[in-house]
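The structure appears below as structure tokens.
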Amino acid sequence: MKEFDEMAKTYDPKEFEDRIYKWWEEEGFFTPKVDKNKKPYTIMMPPPNITGKLHLGHALDCALQDFMIRAKRMQGYEALWLPGQDHASIATEVRVEKEILKEGLNKKEMGREKFLERVWDWTKEYRERIKGQQKKLGVSADFTRESFTMDEKLNKAVRTVFVKLYEDGLIYQGNRITNWCPKCQTALSDAEIEYKEDQGFFWHIKYPVEGEDSFIEIATTRPETMLGDTAVAVNPKDERYKEFIGKLLVLPLLGRKIPVVADDYVDMEFGTGAVKITPAHDPNDYEVGKRHDLKEIVMLNNDGTIKEGFGKYSGMDRYEARKAIVSDLKEEGYLVKIKEHVHNVGTHDRCGNIIEPMVSKQWYVKMESLAKPAIEAVKAGKTKFVPERFDKIYFNWMENIQDWCISRQLWWGHRIPVWYCKDCGEIIVSEKEPKACSKCNSENLEQDKDVLDTWFSSALWPFSTLGWPDKNEDLEYFYPTDTLVTGYDIIFFWVARMVFSGIYNMGEVPFKHVYIHGLVRDAEGRKMSKSLGNGVDPLDVIDTFGADALRFMLITGNAPGNDIRYKTEKVEAARNFANKIWNASRFVLMNLDKEIMDKYKDLEEYSLADRWILSRCNSLVREVTDNIEKFELGIASQKVYDFMWNEFCDWYIELVKPVMYGEDEKAKGIAYNVLYKVLTVGLQLLHPVMPYITEEIYQHLGGEYKAIAISAWPTYEEKLKNETSENAMNQIIEAIKSIRNVRAEMNVPPSKKAKVMIFTEAENKAAFEMGEHYFEKLAYASSVSFLKSKDEAPENAVSSVTKGAELFMPLLDLIDVTKEIERLSKEKDKLKAEIQRVDKKLSNKGFVDKAPESVVEAERVKGEKYKKMLEAVEERIAALK
């Protein structure tokens, strides 16, 4: 009587991955309840942009979060992983504009309403596409609580926060310098700027001193911006320019009089040491302008053409104007020289256009008072970065924070909740659309045309997704969340903003830990990009190798904060591991007998191999649980891999095969139960990283839980700890490996059995005696005996030395003696090199004096061991000769 479902002969993830995911969802395993008797564990999924398909970075993000959430679910937490997507204001708008352009349409001709209809169509399609990709990866997220940053409930949260900030005096409208994209005609955040190396020029220009026959020479990479110059700055310590400070210069071509100001900002060694100051078109110049009360002259229109009031240059494109200005400077004798200069140019990451720093009227959030408690929270350990080094980046940004420009001149996004009375000019800030002006009662109101920066709504993600500002059970139970998993590239733009938004709106930090991961690079370490054509579609990988293999490769290759390299052979190796687990599980299930198992279920008359594997498995439970707590997910996965592949599959299963095929029913029953227990625990520990294969096998095992996904995480049992059995088995395994190696080197086939004679110290003998029967099966021994002295070994015996014993086998009738001497000579050379290394270390006074006593002693023990091994090898060579 077997009573176990037979598994398919071959591992084929396509046969069960989709089926299992559908079943998980139908059963509601990923939908936690509000249960005050259980602890919650919450992760908010960083919402991917709805601009296209997911890439390997998203796959890594999902795999790490899913590992954490699955482990916590099994550990008895009400584990919520809340998924969603980001509307990605400018990125989506640019993509949809490109789409309608293919139809011969443009945004302005369509009008706001029609264009937004198209964006919503796009949104619907891409949200479903993203969810489909995530489900393929096996994410155990609760899609019943799914959110989108443009949902009605999130829009309500956005408006509430905007009004609250405004009423608290933290939101204001003002003219400040910001990044401007002339193509998209909107302000941009620093996160949307991509810097590219450009071969440009330094134009050296004379600025004449008023009323004198002298000039100051400046150097600029943007000569067209001289139209907005309002000063030239020099360093007050620069002797070359001291006499000019306070004098007026005459701006070439325009004749505008501008002062020479002294400012420490100027680097005396760079360029000419004199800097033209254009406060309206350079962030550094803007600050200099504020310090010296300089006029801000905006010389560009929103589309990058020159404004009216600049003579013949007005109406020209900025680069057309550059050529004309340089030509005129040359003609009028102001151009001194042109030097080649390589510099970084800021471009809009969505449209590729070169951005212009420009003073414009925008809405801003005052950051100083919001940043302070957010800095203190991390310093106090309320939110911890993993790895810790990333808190320095966080502090650096927060301590030097500038006011945040939150308005964007776009159509797709959260419309700014501000209305202007067209009759009296009153500004009305309101959560709901006002019917009349609060000042003059006029109904002639117009809403601000701008939308909010995408990060404004993303900053509210940890609590807006739980229904805030409305009070409800979810918000009370699942907030604050536990862990945020994200890449190091958005610490400033997203993580920091969530921290201060959480403290400001909820009174506490939004998450306890921030797990930072690196980028997924190609095999050569290059960043994956369209231009390099080295991107990898996770769905293609899943189609070829299965989701479990991809997840395993991404997680085992990962350490917090570090980049990883994607290599196909690593995914292939992960698939081979899955295949190994599949075949081993199938073998176990084919041989288990439920009736015999039940009969001997509580019997603990374990063999040495049983005690060893139970002790090792028990240690693994404690180690892996500890690794997960420390966010060492890659280490945890590697440990499970090593145990399952080496100790369970390669050794334990082989060690118990004679029992399984034997006649002793009681021994069988005990072995069956150990096999079942260890396989189940191994699958449970592997489940967070390889959920599909572990679930499929678990269903065939017929475990006590409906699904492995909701099974109880294994616990450490002190009674199973058995160091004696572990030490004994380790010595036996090393000896068997050594015998196998010798036989392989000498080309002795398994069919040719040989006696094995063991010489060992008294303290090790018991271990070998306990496991001597294992040598017959796994070391192809015809018999095993123990020698009182090495002299008892037959002259024609080949030897092998391990840490615990010297093994002799009369193989000379079966081997080539010359080759054996050659092998031992190589072993002798290796041991001599090791002895030399240890002696060198122990003769180093610095090492002996500074290293801990235990480390020095360990080296001495090693040295003695190697010397004994060398002696034994030399004896065998002499005997053979």
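Cβ from N, Cα, C; glycine included.
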Would you please say which range out of 100-126, 505-531, 721-747 has the annotation coiled coil in Swiss-Prot?
721-747
State the residue range annotated as motif ''HIGH' region' by Swiss-Prot; the candidates are 48-58, 279-289, 466-476.
48-58
Using DSSP, break the motif ''HIGH' region' (48-58) down into helix, strand and coil residues and give each count.
3 helix, 1 strand, 7 coil
Across all chains shown, how many C-beta atoms besides its own are within 10 angstroms of the C-beta of LYS530 (ATP binding site)?
7
So, by DSSP, how many helix, strand and coil residues make up the motif ''KMSKS' region' (527-531)?
0 helix, 1 strand, 4 coil
Same-chain residues near the coiled coil (721-747), Cβ under 8 Å, at least 6 residues beyond its ends:
608-609, 611-612, 614-616, 618-619, 651, 754, 756, 758, 764, 766-768, 770-771, 774-775, 778-781, 798, 800-805, 807, 809, 811, 814-816, 819-820, 823
